[in-house]
There are 2 protein chains.
Amino acid sequence: MKTYKALEKQFRRISAVNGALAVLGWDQSTMMPEGGARARAEQVATLSVLRHDWITDPKLGDQLNLAASDAKALDDWQRANLREMQRQWRHATALNPRLVEARTKAAMACEMVWRKARRDDDFKSFAKAFKPVLELTREVAAAKSAAFGLGTYDALLDEYEPGGRSASIDKLFADLAGFLPDFIDRALVKQARRPDPLPLLGPFPTETQREVGLKFMKVLGFDFSHGRLDVSAHPFSGGVPDDVRITTRYAEDDFTKALMGILHETGHALYELGLPRAWRDQPVGEARGMVLHESQSLLIEMQVCRGAEFLTYATPLLRKAFKGSGEAWSEANMQGIYARVKPDLIRVDADEVTYPAHVMLRYRLEQAMLNDDLPIAELPAAWNDGMQTLLGVDVPDDRNGCMQDIHWPSGAIGYFPTYTLGAMSAAQLFAAAKAQDAAILPGIAKGNFKPLLKWLRANVHGKGALLTTDELLREATGKPLGTAAFKAHLKARYLN
Amino acid sequence: MKTYKALEKQFRRISAVNGALAVLGWDQSTMMPEGGARARAEQVATLSVLRHDWITDPKLGDQLNLAASDAKALDDWQRANLREMQRQWRHATALNPRLVEARTKAAMACEMVWRKARRDDDFKSFAKAFKPVLELTREVAAAKSAAFGLGTYDALLDEYEPGGRSASIDKLFADLAGFLPDFIDRALVKQARRPDPLPLLGPFPTETQREVGLKFMKVLGFDFSHGRLDVSAHPFSGGVPDDVRITTRYAEDDFTKALMGILHETGHALYELGLPRAWRDQPVGEARGMVLHESQSLLIEMQVCRGAEFLTYATPLLRKAFKGSGEAWSEANMQGIYARVKPDLIRVDADEVTYPAHVMLRYRLEQAMLNDDLPIAELPAAWNDGMQTLLGVDVPDDRNGCMQDIHWPSGAIGYFPTYTLGAMSAAQLFAAAKAQDAAILPGIAKGNFKPLLKWLRANVHGKGALLTTDELLREATGKPLGTAAFKAHLKARYLN
C-alpha cells in the first residue's frame, strides 16, 4: 500500500505536467500570437521530454511490479488505477527515446509539408514527407507489437482505444458494410421524394451565435465555473477536467454548423467534467479512450441534438435569437436541415449515414499501408476507387481525397475506427438510457437535460477508466458493442 | 567551453519551464474559470518544484565552477551569461527547501487572510497571519545575508534588483526627501492658482477604449505578432519575450486611467520585446532587474505619455474616437487632467510627485520590521505618523493605510524602492535620449516613436542583463543614477 501511494504521488506529478501541456496547447490554438510559436515549442518539448523521463523511469517500473505483487490490499478503483499506470508505463517504455524523437520530428516536418501540399494538391511532395513517417510508425508498431504480444495494427490502435482489437472491428464493420450501401440508397430516394429544406437566410451575427451556443451549453449541463467557450481554426475540446475548454468557428452566413459544432464539443466536455472527482489527477480518473469520448460527442450531437425532441425545444429559441420567421424556421424544416444525407468527398463534413464509409475506407487503407501491402504512390488510386465503390463519389483531386485529413501526416494510424465505433456506442448508450429512464426523451423536448446527464454521469462519465470500454458498454446497455442500435437509429431517423 | 555549452542547454530547459509558468500565470489572471484553481495550483506547484530542483542540482554547481575556471575562453556576453547563471544558482541554493516551502505556504495563507482583512479593515487578523511571513522572511534574509556577505535588507533587495544596495538608496532617498516636501507645496500652490481641469463626460464604451489602446500600443512599437492586450482585475505585463501579454481594466465612466494603464504596461512590454534575440532563453537575455523594468514603464507613461508632446499627438485622436468636443477636450485640459498633484492615501493611484513619499515610507518601515525595530502591532501608528509627516494626509483606517498593498502579505520585502529608483532612472534615461537624438521629442508630437524606440533598443532593451543597472545607466547617460534629472523633470512639468 505504501508503494501504491508513492505511485499515486508520482502520477499526480505526471498529471500536473499533462495539465500544463493541455493549457499550453489550448492557448496555442486560441490565444497565442504567431510570433510566440518558437518559445511555445520549447516549452512543450521540454515538458514532453520531462513527462517521458518520469514515466519511463526504471524505478517507476520496479514500484509498479512491487505494487502489483501486493494488489490484494487495494480496492477496485485502486486496482484499476494501478492497471492504468501499468498501461501508460508499458506504452511509454515500449519505445526507445531515439525512435520517439525521430517519429515526432518526422511527423512535425510532414505536417508542415502536408499543409502546403494539400493547398497545392501536390501529392508527390506529400508522399515524400510521409514516407519516413510511415516507416517510423511501422517501427513503433513493431516495437509495441513485440512488447504487448499484439498484431502491429492493434498495437497502434491500443494507444487510442485501450483494448481495441481489429478482429472485433472487422466483424462490426463487415456487418455495417453489408447494411449501409443499400440503406444509403433508400435514404436518398426517400429524401429526394420530399421537398428540399428551405435555406435559413442570414447574416447571423457571431455574437448572437455565441450567446445561443452558451445558452445551450448551459442547459445541457456545462458548468462555466469549470470551463470556457472560445474560437479556433479547428474546433476541439481541451483543458483539464476541472477546467474544460471547447472551441468552435463561426460563419456569419450559416449558424447551423457552428451551433452543432458547439454541441458536439459540449458532449466531449460533459464527459471530461463528469469524470470521477475522487480520482482527479490519477490515470483511472481519466477518460476511458477515444471510442467512449467520440460516443459522448456523438450522443449529444447526433443522437440528441439533431433529433426531433431537441429541435422541438431549440427551434423557437433559435427563431427568436436570430429574429427568423416563416416556414424556413419551422421545426420540420430545421429537422430537414439537420438530417440531410449527401454522399460527398470530405469526412469532417459528412452526415452520420455516410460517415462510416469514410472511416471504413481509411481503416482498410491504413492497415494496407502499415503492412506494406499498399505503396504510398498507389494511395490516390486506391482512395479514389474506394470512394467510388463505397459512396459512388468521384474524387476530383487528392486535396479533396487522400490528403484531406491530418491524421496520417501526423503519424496517427489506428485512430480512424474510433469515430465509427463511437457512433455505434452512442446509439447503443442512448437507446439504453431512454429504455432505463422514460423521463429522458420528454425532458429533452422541454429543455430539461437533467435526466439524461444523470444517466450519463452514472453509467459513463463517472466511471473514468475503471472498466474497459467493453465492460462499460455491457454494464450500461446489457450488451457488448453491436450494430443493432446504430442501424435502428438510422432507420428511425432517415426512413420514417 | 564544452561545460559552458552544457550549462546553456540546462538553462534553456529552465527558461522553458519559466515560460510555461508565465503562460499559466497569465491564463490564471485573464482566462481561467474559478473552478480551475485547484488543478492550476497543482500544475504551478509541480513546475515550480521542478525548476527549483533543476537550479539547485549540485551537478549544476560543479559545472558552474568548472566553467568559471575556464571563463577566459568566453566572450563578453557568454561571461555575463555565466555570471547571471551563478547569480540564479546562488539565490536558489542559499535557502534550504524546507524554508522555501514554509515561506511560500505562509505567504499564500497570509495573502488569503489579507484579502478579507483589508476588506473588513481588520488589522488584528492580518497581523496574526503576517507574523510568520515576517519571521520566515527574516530567516530568508539571514540565510542569504550569510551566503552573499550582504546586510539582511540588501540580501532581499538583491533578488528584485541585482546589485541594489540600501547604502546608495539611502543617499538618493535622503536627497529626494530634502527636495520633495517643499516642491509638493509649491506644485500645489501653482495648481490651485489655475482653474481645475474640466471633466471628460462619458460613457466611454469599453470596445472603443480597447481600440484606442491598441492603436497607441501599435504606434509605440508593440508588435502584435509577439503579444496581446487583455483584461484582468490587476493590470500586469506577463508572458515571455517572444509573446508578451499585457492587461488592463476598463471603467466606462473614465477612459483616462485604463488608457494610461495600457501605456504603462506597454513600456514594460517594449522592454521584454526588445531583449536581445540572440540570447532568448538564457539568463543574460532576461531583463536586468526591477529598477530598469519600472524605468521602462515609467519612461513611457510618466516621461512620454503624460507629457505635452504626446498629448499634442494623442488629444485629437482621443477626441475623435470618443466623439468629444468643447474645451474639456483641448490639449491644455488633457494636460491638466494628466498632471494633477494630489497628496492622498493610495500608492497605486498616486501621481509621480507624491509617489516617492509612499515608497520612502514603506522602505523605512519594512527595514524597521525586518530588523525587529518595529513590532507589527505598532505598524499602523508608524504608518499613520509617516503619512502625516510626509504628505500631510490623515489615514482614516488601516485598509487605506498599512494594509493597502499585497507586497508585505506575500513576503515581498525589498521590492518597494525599485518603483522610485525606476522613476528616477526613467527621467535620467529620457533626458539623455532627448539630448542624444534631437528627433525624439518632435517625433513624439507627430506620433512617430521610432527614434525613441531605436534609442531604447540600443541603450536599454537590447542589453538584456549584460551590464549591471549602474553600468547600463553610466553607459547610456554618462552618469550614475542621481536625482537631478527627476527633479528637473518635476520642475519642468509642475512649476512651469
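Even glycines carry a Cβ here, placed using N, Cα and C.
From the candidate list A:E286, A:E294, A:E309, the residue TrEMBL records in the Zn(2+) site shared with A:H264, A:H268 is A:E294. Listed in sequence order, the residues A:S237, A:E265, A:G267, A:H293, A:Q296, A:S297, A:L298, A:I300, A:E301, A:G422 complete the 8 Å Cβ shell around the Zn(2+) site centroid, once A:H264, A:H268, A:E294 themselves are left out.
In sequence order, A:S237, A:I246, A:H293, A:Q296, A:S297 make up the list of same-chain residues 6 or more apart from A:H268 (Zn(2+) binding site) whose Cβ falls under 8 Å from its Cβ. Across the fold, the C-alpha of A:E294 (Zn(2+) binding site) and the C-alpha of A:E265 (active site, proton donor/acceptor) stand 10 Å from each other. Taking Cβ-Cβ distances under 8 Å and a sequence gap of 6 or more within the same chain, the neighbours of A:E265 (active site, proton donor/acceptor) are A:P235, A:F236, A:S237, A:I246, A:T247, A:T248, A:S297.
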